[in-house]
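According to Swiss-Prot, the protein has these features:
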MOTIF     74-79  motif 'PP-loop motif'
BINDING   C149, C152, C240  [4Fe-4S] cluster binding site
Amino acid sequence: MNAPHTHDTVADGAAIEATVADIADTGRRALTRREQKEAYENNKLFKRIVRQVGQAIGDYNMIEQGDKVMVCLSGGKDSYAMLDVLLRLRERAPIDFDIVAVNLDQKQPGFPEHVLPEYLTQIGVPFHIENQDTYSIVKRLVPEGKTTCSLCSRLRRGILYRVAGELGATKIALGHHRDDILQTLLLNMFYGGKLKGMPPKLQSDDGRNVVIRPLAYVKETDLEKFAELREFPIIPCNLCGSQPNLKRAEMKALIRDWDKRFPGRVDNMFSALANVVPSHLMDTTQFPFASLRATGQADPQGDIAFDEEPCASGDDTATRDGARPISIVQFDDL
């Protein structure tokens, strides 16, 4: 593992946190109205992302005292942003935890091996580069024209679990965001026939690791703006990202279309993931339908058999009794 000698935490965030006050020092000019607005919006964006990540960590107890968090860094916008924000939060956190960045070099042709080591050394973050030629394995085993995501993901997952053990990491942080979670929900509904999303925190399938997703509440569009603002040295994925006709790409386009044409719909979908009512679904493993009997006592979650659901009227503000909205989606500054 490489441990740089410098120990600066987050790379200088002055551009993001710049105030809109007059900066007319000697030889400098005041900000124009447009520049003031841009600085203000950039500052709001940064604070919003930090707040959302902090809330997700708190809501799901993602990081605890003494944790060693292995931040999986792919070189994409999401993982860069996750590392950047976690470093920032660590400065203010009431607990102590360590961060180590890990990149899996899958030996894709043209992969710029120098980019991540240089970046991580510059910002003073300990890191480990794991070299494994999964690219050749995937290209050999997956027929031409078929998507490589499934096999690539399985290989990558196994390697990262092993590396986490070798490094003594107690948490594995992945850069999936709100849109990824919703896309997974729709993919499972449309093509898998099940109500299954992507949890903010889970035990790994090998039973040895806890995986966390600190960006769970963050919109992808915000991460795109943030990455551009921070000028992260983005490394494009030419193995899976360029594959045409991916079902996930269809879900992404669908969600963005809904978000544009029906304001609030996507926020409500996301909120629904934390407002599950098993008694009003059809899974007999989640609710004892077979043994259900009339108790003679009123039940606020009971079926209003002959009434229309409040939301059926088109009133998006209606909330079923007992529903627990995710407060983070009620943004006041979006």
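Counting begins at 1 with the first residue displayed.
Every residue gets a Cβ built from N, Cα and C, even glycine.
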Helix, strand or coil at C149 ([4Fe-4S] cluster binding site) [DSSP, three-state]: helix
Least Cβ-crowded entry, counting other Cβ within 10 Å, from the binding-site residues listed as C149, C152: C149
Tally of residues which DSSP labels helix, strand or coil - the motif 'PP-loop motif' (74-79): 3 helix, 0 strand, 3 coil
Average model confidence [pLDDT] within the motif 'PP-loop motif' (74-79): 96
